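Student: These came from TrEMBL, pasted as-is:
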type	residues	note
DOMAIN	B:7-83	domain 'TECR-like N-terminal'
DOMAIN	B:158-311	domain '3-oxo-5-alpha-steroid 4-dehydrogenase C-terminal'
TRANSMEM	B:88-110	transmembrane segment
TRANSMEM	B:169-187	transmembrane segment
TRANSMEM	B:199-218	transmembrane segment
TRANSMEM	B:239-257	transmembrane segment
TRANSMEM	B:263-285	transmembrane segment
Amino acid sequence: MSAPAMGTSKTAHTDSSHKKKKGPGTLATAYLVIYNVVMTAGWLVIAVGLVRAYLARGSYHGLYYSIEKPLKYFQTGALLEILHCAVGIVPSSVVLTGFQVMSRVFLTWAVTHSVREVQSEDSVLLFVVAWTVTEIIRYSFYTFSLLNHLPYLIKWARYTFFFVLYPMGVAGELLTIYAALPYVQKTGLYSITLPNNYNFSFDYHTFLILVMISYIPLFPQLYFHMIRQRKKVLGHVEEYSKVE
Amino acid sequence: MSRTIFFEVEILDSKTKEQLCFLDKVEPHSSVGDIKSLFHKSYPKWYPARQALRLDPKGKALRNDDLLQNLPVGTSATLYFRDLGPQLGWTMVFLAEYIGPLLIYLLFYFRVPYIYNHKYTLTSSSHHVVNLACACHSFHYIKRLFETIFVHRFSNGTMPLRATVRNCAYYWGFAAWLAYYINHPLYTPPSYGKTQVRYALIIFVLCEAGNFSVHWSLNSLKCEGAKCRRFPNPSKNPFTWLFFFVSCPNYTYEVGAWVGLSIMTQCVPVALFTFLGFIQMSIWAKGKHKTYTREFKDYPNFRMPILPFIL
C-alpha cells in the first residue's frame, strides 16, 4: 500500500478552532434534554436501589443482584451517545466517546454478566458505586448545560469528585477482571482453539490480561486530562468572582 | 538597472514567540524552501524537512515553493516556526515498512525456535498451500521493495519518525500474527482443497501484475512532486484498462491480491488484514479522486475512486 505523497504531523485541533461552534438545533436540544434527564433518573434509580438493598440486608455484600437490570439497561443505553457524536448533535469525538462507552459496556456484559462467579465480589460494588455517582453528576451537568442554567455546585462536583471516583472505579474494574481470570481459564469462556477451518484462535484469558495492562498507560492520561480540564473550567469562574 | 528591495525575515517560535532567527538582505524571489535552508544554517539540528513555517502561529504551514514576494507580508516578514520532529524520506519509510513483514513471515515459515511447540522447531509444514502462501507473501513484498527502489518517484516530502514507527508496528505486527497461523503445525488447509487454492492463486497473480502495471503507468506520467500535468489514463496494457472505471486501480489490485491470499489460506487474520487495508485504501482513493476531479476539469465522470461502479 502506498500512502499519499505529503507528510506532515497531524494538527486536527486547528480545524475546530477555525470553524464557528454550531450547537444542536431546537429539536436536537429537546431530544438531548430528554435523553439526559432519563439517564439521570435511571442512575438515581440504581443509587436508590443500592441504598434500599443495603438497609434491607444490613450488609454491603451481594448488592449487585438488586440493581442488575437497571444497571444493564442504563449503561447499555449510553451507546446512544456514540450515535450523538457521529450525527453531530454533541461536539465530542466519536472515537473517544466510543472508547469510553465500549469499555463500560465491556465490563458490564463481557465480564460481570458473563462470569457469574464474580457477581458476588465486593469489587463489583466498588465500580458500581463509582459509576453511579459519576453518571448522576455527569448527566445532570449535561441537562442543566443544555438548558443554560448550570448551577455552580454541579459544575464543581463534576470536576472535583473525579479525584476519588476515578481511582475508585478503576480499582473496582481491575479487581473484578482479576477475579474473573481463573473462571475464564477453567471454562475456556469466549475462546477459540486450533485446529479449526478458519485458522484463527482467541484466548479470552490472555485478552483480559492485556485489557488490564492497557489501564497502565490509559488511566493516567485520562486522569491528568480531567485535572487540566478542571483548571480550565473552574479556574475561569474564580476569576469572575474576583471581578464581582 | 532596477533597485532590488531586500526583505527582512524574522522567525519566531510558534509557542513561546521568542525570536529564533533574524535574516536580513533576503532576495524577494526567494522561496520558503530557501528561507528554511538559511534557518538550518543557524540551527543545524533543524534540517528543512522538519521545519514548519507559518504566517500565523495557528495557520497552515507554508509550502516550500511559495515565493516570499507573493506572501501577504510587507518587506519585513514574520514567520512562526514549529519543529515537526525527526523526519524520514519516503524511500526509507517504505523500505522499513516492507522489509519487516518479508523477514518476519520467514521466521514463522521456517519455524524458528520458541514460536511453536519445541517438537516442531525448524520442521516444515506438510501442506502444499503453506509453501505456496509463503512464496506469494514473499513475492508481494519483494515486488514492493523493487518498486520502491526502481519504479516509484517520490516527491521531496517526508514522514515524521513517530508516524513511521507506528505504521511499522502495525505492518510488522500483523505480518507476525497472520504468519503465526498459516505456518502453525495445526493449520487446516482450505475447505475446497486444490480448486480453491488454484483459483486464489490466479486472482493473486493477476492482481499483482495489475498493480505493477498501474505503478509503471503512473511512473510514466512525468509528475513533478505532487503536481501532475495529466491524470492517469488506460494504455495498451490490458491491466491498465481498469483506469476506465476507477481513479486508483493500484489500490483495487492491491485489495484483490490480498483477497486472493485470504481465499488461498482460508485464514481469518489474513481476511481481517485485507478488510482493514481496504478501508484505509478506500479513504486514500477517495482523497486522490477528489484531488483529480478538482484539478482537472475534463476528468471523466464515469470513474469511481476504488471499486468500479460502487465506491
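Every residue gets a Cβ built from N, Cα and C, even glycine.
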Student: Do any residues of this chain, six or more beyond the ends of the transmembrane segment (B:239-257), have a C-beta under 8 angstroms from a C-beta of it, and if so which?
Tutor: 140, 203-204, 206-211, 213-215, 217-218, 232-233, 274, 277-278, 281-282, 284-285, 288-289, 292, 300, 302-309
Student: I need to check the long-range neighbours of the transmembrane segment (B:88-110): which residues 6 or more away from its ends have a CB within less than 8 Å of a CB in the stretch?
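Tutor: Residues packing against the transmembrane segment (B:88-110) from afar: 49, 122, 124, 130, 134, 137-138, 141-142, 144-145, 148-149, 152, 154-155, 157-161, 164, 167-168, 171-172, 174-176, 179-180, 182-183.
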Student: Going by DSSP, how much of the domain 'TECR-like N-terminal' (B:7-83) is helix, how much is strand and how much is coil, in residues?
Tutor: 17 helix, 29 strand, 31 coil
